[in-house]
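Scroll down for the structure; my scribbles are underneath it.
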Amino acid sequence: MGHMVNAIAQIDEFVNLGANSIETDVSFDSSANPEYTYHGVPCDCRRWCKKWEYFNNFLKALRKATTPGDSKYHEKLVLVVFDLKTGSLYDNQASDAGKKLAKSLLQNYWNNGNNGGRAYIVLSIPNLAHYKLIAGFKEALTSEGHPELMDKVGYDFSGNDDIGDVANAYKEAGVTGHVWQSDGITNCLLRGLDRVRKAVANRDSSNGYVNKVYYWTVDKRQSTRDALDAGVDGIMTNYPDVIADVLNESAYKAKFRIASYDDNPWETFKN
């Protein structure tokens with residue numbers, strides 16, 4: 001999972017390095033419209049924090065990269081995580097942000113339901129209090145006549161909150177599937193795997209809410225091995241080639257592989 005892919009040129013760059021998924025930051029204006037693909041300062045060590053595009057322009061380029069037959073098509077790119085920077089919004093704007101985000105995606109990515117981009121989408125929300133963004137998103141797609149597109153949409157609360165609190169937020173949001181649980185910290189700092197293991201245990205329990213667990217931001221071979229040993233489903237990185245190298249090591253290549261479009265990202269993998 002390629003981290004902080006905010007310029008159109010970076011889509012090709014990260015997929016060519018081995019990423020089958022990218023993460024893109026989405027900033028909002030004061031009226032809760034998705035405005036830019038932009039992270040800003042501070043960001044990960046050894047990365048330029050200020051690359052950006054207008055959100056709708058990025059979506060159009062992403063559509064080309066994920067539409068079979070297009071000259072820019074990458075068969076390998078199957079999942080996009082939108083890191084929604086909702087910290088600039090009031091809590092009562094969350095539903096509006098979801099509606100406006102859905103309409104932008106419908107028009108510019110899904111091409112109004114007519115042979116749009118095929119990648120699966122994860123809406124990653126940093127604040128549990130913004131759970132109404134999910135209902136707003138679903139409501140907009142339904143009112144625009146495309147509720148079937150929700151089959152392509154999953155969810156993540158990215159604030160490293162207590163697993164029980166995250167479960168309650170999903171209950172409030174009415175979400176019962178398509179859940180990716182993230183855990184992590186900037187590559188400038190160290191973070192243990194305790195919460196990852198709790199998320200994995202939730203995923204593997206009979207009554208958990210988690211379908212997939214991913215860990216960020218992992219740039220070193222040893223931390224990649226540690227995350228794989230903990231049982232994660234995905235690893236977000238600034239260096240997709242490092243992850244690909246580790247997956248080819250004898251200890252891992254029989255147990256893990258890069259997911260393809262035929263793999264269901266909402267289905268919990270049972271080994």
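Every residue gets a Cβ built from N, Cα and C, even glycine.
Note that the structure is a prediction, hence the values are computed from the model and not measured.
The disulfide bond recorded by Swiss-Prot for C45 joins it to C188 [selected from C49, C188]. In the record from Swiss-Prot, residues E23, D25 bind Mg(2+); the candidate from D12, D44, D70, D83 listed for the same site is D83. In three-state terms derived from DSSP, H39 (active site, nucleophile) belongs to neither a helical nor a strand segment and is classed as coil. Distance noted between the C-alpha atoms of E23 (Mg(2+) binding site) and C49 (disulfide bond) is 14 Å.
Sequence-distant neighbours of D25 (Mg(2+) binding site) (same chain, 6+ apart, CB under 8 A from its CB) are M4, N6, T37, Y38, H39, D83, K85. Remark: C43 (disulfide bond) has M4, C49, T186 as non-local neighbours, by Cβ distance under 8 Å and separation of at least 6 in sequence. Same-chain residues with CB within 8 A of the center of the E23, D25, D83 CB atoms, the Mg(2+) site residues themselves not counted, are H3, M4, V5, N6, T24, V26, H39, V81, F82, L84, K85, S124.
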